[in-house]
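Below is one structure, written out as structure tokens; the observations come after it.
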């Protein structure tokens, strides 16, 4: 069996490692924007190409005679890569463009949720006119402002965190409207969590809950990033969650998948990522993504017991309900190594020396490899994942991995530490009253 993986980040390295563990021993082919050393090591062959160059990728898939493709990032989904591969007879794990719109058009997603009475919808407005948006802001200052389109996780601004005055909010709205529609939503109070699920068009198979850390600096300070790291507990829940929270999130995702085929006429196949805020009034949808999260993929795929090839085939042929999907009952802590100065002024081409050991997992991301060393680019470099019986023990292993990375870099040491988790628990206790 031959499987093509599109993407060159930590998420795609985790996908490739999950394939490499399969008892089917698939031959792995890759299309990457940069030559990810972890993927390169596992691949029979690879193409260095923009992940949105649809004709080149389809041609490569045909030349390699692949049996299946797995699309990692959002941009090729938005470019319609899944549609073109399927048209050429190649089954895809990843939704077609009309279904992937749930990620790349936030305005459409909110309107889709409203049309289909999907639960967990915050109050929202969509504007393409600056004056109308400003009038709404004056009456509703406690908001979140986001562009309708893709922003790599960095375009969302929250009043009281990224913006502190109405003037700042107006300025941000103005800058968004220069190239996009703007979505203004009520600011939700609670804890953000990620629930991802395998989806075959009808059936939803959820994974353990993950919490990502978007802010660049310790104690949740600094600018937003693509995600500095994440953790899971040794059950499907996180320490501040209830089973009702989890079940409510999964039910919202099931409702969304059901509505997708009815509303859009295209079944949703691939991974659905639900980002939820646990509030006093239950689970609210912060956003949906049409693929694995990065870093969250590295947590859940490191725990996956069921053969990943079986899961991919079940997604493609609509038989997920016949497959029992199991995860190790362990905790994980993932910490990203990023270039010094990331995200605003990342130091490029800085050398990193990485010692890999069996005590922890290393997933490579946006680095280049020369002469046995890896070199930073402008994006996240590599992630270290600790897997253990408890979050505390997994965190110790991730720190051991970080101590074996030499060079100039930044990371968040506080992810998975007791103090930060305790803060989340106390925050949620206060919210629930």
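Cβ atoms here come from the backbone N, Cα and C positions, even for glycine.
Positions annotated as domain 'ATP-grasp' by Swiss-Prot, on the basis of sequence analysis: 111-317. When pLDDT is averaged over the domain 'ATP-grasp' (111-317), the result is 96.
According to Swiss-Prot, the feature ATP binding site maps to 138-194. Note on residue 146 (ATP binding site): other Cβ atoms within 10 Å of its Cβ, all shown chains, come to 23.
The Mn(2+) 1 binding site annotation in Swiss-Prot covers 275, 287, and the record cites sequence analysis as its basis. Around the Cβ of residue 287 (Mn(2+) 1 binding site), 18 further Cβ atoms fall within 10 Å across all displayed protein chains.
Counting only same-chain residues six or more apart in sequence, the Cβ atoms lying under 8 angstroms from the Cβ of residue 275 (Mn(2+) 1 binding site) belong to 192, 193, 194, 285, 286, 287, 288, 289. If you look up Swiss-Prot, you'll see 275, 287 marked as Mg(2+) 1 binding site.
Per Swiss-Prot, the feature Mg(2+) 2 binding site maps to 287, 289; the stated evidence is sequence analysis. Note on residue 289 (Mg(2+) 2 binding site): other Cβ atoms within 10 Å of its Cβ, all shown chains, come to 23. Residue 289 (Mg(2+) 2 binding site) carries a strand DSSP state (E or B).
Taken from Swiss-Prot, the feature Mn(2+) 2 binding site applies to 287, 289, supported by sequence analysis.
By the criterion of other Cβ atoms within 10 Å of the residue's own Cβ, the least surrounded of the binding-site residues 154, 162, 170 is 154. Residue 186 (ATP binding site) falls within a strand segment according to DSSP.
In sequence order, 166 are the residues near residue 138 (ATP binding site), counting only same-chain partners six or more apart with C-beta under 8 A.
Secondary structure at residue 162 (ATP binding site), as computed by DSSP, is coil. In three-state terms derived from DSSP, residue 138 (ATP binding site) belongs to a helical segment.
In the three-state DSSP reading, residue 154 (ATP binding site) counts as coil.
There are 27 other CB atoms within 10 A of the CB of residue 194 (ATP binding site), with all protein chains counted.
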